[in-house]
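Swiss-Prot annotations:
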| type | residues | note |
| --- | --- | --- |
| BINDING | 75-77, 88-90, 95-100, 183-189, F222 | substrate binding site |
| REGION | 238-418 | region 'Disordered' |
| COMPBIAS | 250-262 | compositional bias 'Basic and acidic residues' |
| COMPBIAS | 295-318 | compositional bias 'Polar residues' |
| COMPBIAS | 321-360 | compositional bias 'Basic and acidic residues' |
Amino acid sequence: MYQSNKKKRLWKEEKERLLNMTRDERRKEYREYVSLDKIPSLMEELKSKASSDDESPEEIQVKNSLCEKVSFYKGDITQLEVDAIVNAANTSLLGGGGVDGCIHRASGPSLLAECRELGGCETGQAKITCGYELPAKYVIHTVGPIARGHITPNHKQDLASCYNSSLTLATENDIRTIAFPCISTGIYGYPNEPAANVALTTVKEFLKKNRDKIDRVIFCVFLEVDFKIYKRKLNEFFPKDGGDDEEGEKGDSDEMKEDTEGKPQSPPMKKIKEKKEDTPAPDSPDEEYSAEEATGNTQDMTAMSLETNEGNDVSSPATDPLKEGEELSEAKITGEKISVEPKTPEPEDAKMTVEEKSQEQEDSENMETSQPKVSGETEDLDGDSEEPSDVQKEIASPSNETCQESDPKDTNDDANEA
């Protein structure tokens, strides 16, 4: 009992002594440290890059001041000389593996003694202690969710709460600079990239509402996989031309929502997708026509052939608009599609017979006052658009041959005479 009270008195006295020291005095208490001025902000990195590229740093106009409040560091978090570092702890707060064990070893036994008095911590919450032998003045302990590779909405909510609780606790204790490790990505099994999305999203939203309360947030990574992820995503979440207007914040919110789900898509890619137009597909060589268009085309070509033959001798070959040796003979109509079969050219006598029969039929129809007699041997080959009679409609139904040119019997007789 006496020993316990002595340890309690010791860590309390040590805490009071260290917190009352100035920075220069505290630097005598630890050997290695990385000061804040050695960790540039995103804004300072942009200016440094502009100088190396022979560009004027004054030309860089940053609308989103959050660039000045965010930094990226790869190394040991226990060496950062900031107001507070965040510890990815377990619920007992008594130390463990990973970054938790490193912080406890570097801070000395007084940290463990104070953590015993805190009574543990729930998932998503945070508690604060002194940094003791660390360059950091405070240690904020937070407990991340145990995902084991499978993320649920509760895991996302708990992880976001870790960052929110830590930042809130920092503002309550007048902490202006804070460094975060990658929470829950170790043995707790939270996937690295989705964890980075949650971290960046939550920190950005907090800084928007409390930009005057925090001077610098440092994302400290140790593994190469986390280094590559944060290196790529920091410029997406904290762009130099992000803007503070409502439209820009709305766009950031949509982007962050997608990134939090582990399926990031940058705004430039969205714009490219929106600008893509559907290009028309090239015409197929086997283009299909409707039955009406095919029938009209067949009649027009046949009429053209007949008009050409009117000024020529009967024995002279007719000019065929189709390829030599082919002629539309009949069309098989099936529904709305039609397939055309080639046929060898018929003798000129047969074509003349068709013309004479068509002329006789037309004269006969003009002279009759009653309903005209329709014969299967004749067909309107001039492509006229007159309304057919009921009898003609019945004959021109799909069950009959719509492109019939002449009676096969008469055609064979005329061919023999020739």
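Cβ coordinates are placed from backbone N, Cα and C, and glycine is handled just like the others.
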Long-range Cβ environment of G98 (substrate binding site), under 8 Å and at least 6 residues apart: A88, G186, I187
Chain-internal residues near I183 (substrate binding site), provided their CB is under 8 angstroms and they sit 6+ positions away: V86, A88, T142, G144, L159, C162, Y163, Y190, A195, A199
Which of G75, G186, G189, all binding-site residues, has a Cβ with the fewest other Cβ atoms inside 10 Å: G75
Same-chain residues at least 6 apart in sequence whose Cβ lies under 8 Å from G95 (substrate binding site): G101, H104, L112, C115
All-chain count of other Cβ atoms within 10 Å of A88 (substrate binding site): 24
Where A88 (substrate binding site) falls in three-state DSSP terms: strand
Secondary-structure category, per DSSP, in which G98 (substrate binding site) falls: helix
